[in-house]
Structure formats: structure tokens, C-alpha cells
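Enquirer: First the structure, then my questions, so here it is.
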Amino acid sequence: MSSEGVTQRGGGGTRDGAPPVPDVTDNKYMEKSYRKAAEVMKKPGVPSLLIAVAIPLIAGIIVGLVYSPSGAWYSQLEKPWWNPPGFLFGAAWSVLYPVMGLASWLVWADGGFQKQGYPLSLYGAQLVLNLAWPALFFGAHCIGLALLDIIILTIVVTFTVFAFQPVNNVAANLLKPYLAWIVFASALTISIYIKNFGSKGAVAAS
């Protein structure tokens, strides 16, 4: 049987109903693909998604660069044996911040601030508290205030997860690893606070 007998001339399909295999070397096919990609990028959802992901990621990077776990003050603090190495924090936040932004976008996409003002306000509040912790701990050297901040942060993130749940179940689930990490960071902060309470230079009770 010839190839003409297999391929239908008019529809570009096959007699057995299988879809045609596009010729990626065809200029018309490539132009069509580029047009589709351009149309997707022009949709309002794509720029807003990029912005939602970029906000916590860029803010976290800036705060991390300004207030890093380095220097003589941090090195002289007594820490628990399960205190993870510094690079692990950076690796974790490089994943958690974009995922956090994605979760917020999924909620925002369902009506924007006009409809989802409460869950998005909680999200914004927890992000501010999140970014304030390094400034309090590594910047101001106030372990006590940093501890208070992260306890409130844990509560607000918990409320954020519950607020996201009825809007978008996927968004709520995306925040759960973040919540688990915050709980771990809270326990670590509590341990450091207890071990260094009253020690000279630790400003633990500030």
C-alpha cells in the first residue's frame, strides 16, 4: 500500500483515526507554534503569576543578603546539636518562596483581592513577619523579639492555610511544607533562646 493510501489528502490524518504527526521542519508549523507561545505569554495570568512568584523570592533574597547567618555574634551563640548548616536554610528558602508565591497566585486567580481579600491579607501579613525575622535575629541580635515574631508567624501561616483551603485546595497544600519548616525554625529559635538566655552579647531578653 502506498503512503498516499495511508494518509488522507484532505484532513492530514490517517485511515485508522490516529492524529497526524506534525512536521517540525515545516516553517508554517514552527510559525504557528511561536504564535501560540506568544498568545499564552500575553494572557494576564502569566505576568501576574511571575509577579506573585517573584515578590517573595526577590524580597527573601534581598533580606538574606543583608541579614545573613554569619559573623562573630552568630558564631558565638550556643546552638542545639540539630542546628542545620547555613546552606540548608538558603536551599530551603529558594524553594519555599516561589512555592509560596504560586499558592498566593492560585488564590488571587479566583476573584482577586476584591473576592479573596481575607486570605490574601493573611498571606501578606505572614510574608512581612517572615522577612522581619532575619532583621530581628541576625540584624538587631534580638533573639527574644525574633522568637516572638516567629511564634506569631506560625499562627498566621496556620490561619493562611485554613483560609486558602476553601478557595483552592492545591494552594493550601502548597503552603503546608512551608508551615512545617516554620514550625521547625520556631523550635530552633526557642532552643537558641533558652541556651543563650542572659548571655553577654546575645541580647536574648530584648
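From the backbone N, Cα and C atoms, a Cβ is placed for every residue, glycine too.
When I checked TrEMBL for this same protein, it listed these features:
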- 1-26: region 'Disordered' (REGION)
- 45-67: transmembrane segment (TRANSMEM)
- 87-108: transmembrane segment (TRANSMEM)
- 120-137: transmembrane segment (TRANSMEM)
- 143-164: transmembrane segment (TRANSMEM)
- 176-194: transmembrane segment (TRANSMEM)
Enquirer: Same chain only, please: residues at least 6 beyond the ends of the transmembrane segment (143-164) with a C-beta under 8 Å from a C-beta of the stretch. Say none if there are none.
Expert: 103, 107, 118-119, 122-123, 125-126, 129-130, 132-133, 136-137, 171-172, 175-176, 178-179, 182-183, 185-186, 189-190, 192-193, 196, 202-206
Enquirer: Counting only residues 6 or more past its boundaries, what in the same chain has a CB within less than 8 Å of a CB in the transmembrane segment (45-67)?
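Expert: Distant Cβ neighbours of the transmembrane segment (45-67) are 90, 93-94, 97-98, 100-102, 104-105, 108-109, 127, 130-131, 134-135, 137-139.
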